Amino acid sequence: MDLDVVNMFVIAGGTLAIPILAFVASFLLWPSALIRIYYWYWRRTLGMQVRYAHHEDYQFCYSFRGRPGHKPSILMLHGFSAHKDMWLSVVKFLPKNLHLVCVDMPGHEGTTRSSLDDLSIVGQVKRIHQFVECLKLNKKPFHLIGTSMGGHVAGVYAAYYPSDVCSLSLVCPAGLQYSTDNPFVQRLKELEESAAIQKIPLIPSTPEEMSEMLQLCSYVRFKVPQQILQGLVDVRIPHNSFYRKLFLEIVNEKSRYSLHENMDKIKVPTQIIWGKQDQVLDVSGADILAKSISNSQVEVLENCGHSVVMERPRKTAKLIVDFLASVHNTDNKKLN
């Protein structure tokens, strides 16, 4: 074979090998960096742009797609210890002609974390209202979506600021009072009584604990490689002390049942979505809400746990689109 041809293959092979080796090295040595790159790439692919808004010296980080139009804008609030990118799996299946805004909740990701911040549910509601006013999102009423802790905040927000919200989607929200505790809540109470706050199941610090948390939150058993579990833990560990502080704040007497205490004040059309096999917050919470919110509808998803957004993103997006179409008399075809 001609020497130039051999050299060409060597150069081509080396050129291809460099990114492959870089990827393998990242996967093995810096899995957390790979996870960040993954979210960055996914945001770009879906057309989500990251921006910052400021209220005095407080910074909010958010991503958005689209512009306000004749359809309601959609504001999405994530759950405890998550971030705005958790919604990307749902955004993928939402129409591109909708104005979507996903914000990092107080203290999370790119939003300001302050030791002076009021992390109670009502405190978070007031912060989100500041964000809404920064963006002038309430220039006309918007659709509000929240899951878990974000659902807790969303429900109380709709009660506190009814003129801001035209409709509401609550995805397995926290903040309700049940007649009996499920095993997860019983375990939390035992930890609380023993003051073992280092062992909160929703705040993993090892790959094994991360795997246990994923099993707790999901009905579907995802097979997650050890390196990815390590990466997920590495991303969270620097923030775990904040997560503990936040967790203790939202489960104390001041905040624990804020949604329950305010649900009868919610007057906008409300959609309640819950995974039937939710091990974190029992699915019976859907009936509790439906009995107090007169203009509500319940969607219970079979074979689905607490992580509805991650387990059933396509179904969640369809339910939201159908709900908006029915509530706002919009042709469903135009939303798709």
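Including glycine, each Cβ sits where the backbone N, Cα and C put it.
Taken from Swiss-Prot as is:
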| type | residues | note |
| --- | --- | --- |
| TOPO_DOM | 1-8 | topological domain 'Extracellular' |
| TRANSMEM | 9-29 | transmembrane segment |
| TOPO_DOM | 30-336 | topological domain 'Cytoplasmic' |
| ACT_SITE | Ser148 | active site, nucleophile |
| ACT_SITE | Asp278 | active site, charge relay system |
| ACT_SITE | His306 | active site, charge relay system |
Same chain only, sequence gap of 6 or more: which residues have a CB within under 8 Å of the CB of His306 (active site, charge relay system)?
Ser148, Cys172, Leu216, Cys217, Ser218, Gly275, Asp278, Gln279, Val280, Leu281
Rank the active-site residues Ser148, Asp278 by how many other Cβ atoms lie within 10 Å of each Cβ and give me the one with the fewest.
Asp278
